[in-house]
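**Q** Would you mind keeping the following structure in view while I ask a few things?
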């Protein structure tokens, strides 16, 4: 079914019939009235110096009323509004009316007159009030006392004693140390053969230099060196970094497939300074550039093992890094 074009609705109440072009019937009558009044003035025996200016004013006024609007309103509305404003009052004075309401002028009828005018009535018998018996409330206090005495108090169950943890105190440690040091050392029997062996060992030890003992603790030992990071410009990275020391890369499986949601960490001196996770395409990015130095890169994902990669930064643009797993767990 084709869509039909509906006519644009128009305001029927304010419709005006048009004679020629945009000139309405009202405008035609206003212009004709000015011309007719001008012809009437022309037919009067008035002097020409007074007649012609008056004719031009009347005809021009009729044309202005018909065709010249002022601020969107016809000139005849301005003339009518001007005449109304001249004769309309501008000051309003309020005066209190003197007439009062008739209900306020009536005098109130007294109650004594109405009582006197009413006929006497026979005295009505007094209504006997019903006698109400008092309801006494029983005293329940003795019963409550007896109930409280009869019910024995429920004993609160005490929790079972918990065994104290066997933690050695400082006094026990001191006593054990005293016992250890108080025990005398056992004598060792020295034979001539063992004496010769000890002399032979002492000569060999004096000929060899004594090894240096390391006193460094476990926390001071450097981290185990990892494999050097592998760079690849063939990785599908959307945009390579343009600022130095900015790290981007991709995480891959041992078969070279994309691995997503791999946690990538950057460590320096054994402490994690940056961490991120690869997206669904296996891509990761550290937007903030790093300082110059030696860093370690670790990757972690359930079911896969990654080696630790070493990276040295010296203020140059770094190509994308390939983090490939070495096996599965």
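Cβ atoms here come from the backbone N, Cα and C positions, even for glycine.
Nobody curates TrEMBL annotations by hand; they come from automatic prediction.
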**Q** Of the residue ranges 9-27, 28-46, which one carries the transmembrane segment annotation in TrEMBL?
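**A** In TrEMBL, the transmembrane segment feature sits at 28-46.
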**Q** For the transmembrane segment (52-70), give me same-chain residues lying six or more residues beyond its boundaries with a C-beta closer than 8 angstroms to one of its C-beta atoms, as numbers and ranges.
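**A** Contacts of the transmembrane segment (52-70) (Cβ under 8 Å, skipping residues fewer than 6 from its ends): 23, 26-28, 30-35, 37-38, 41-42, 46, 76, 78-79.
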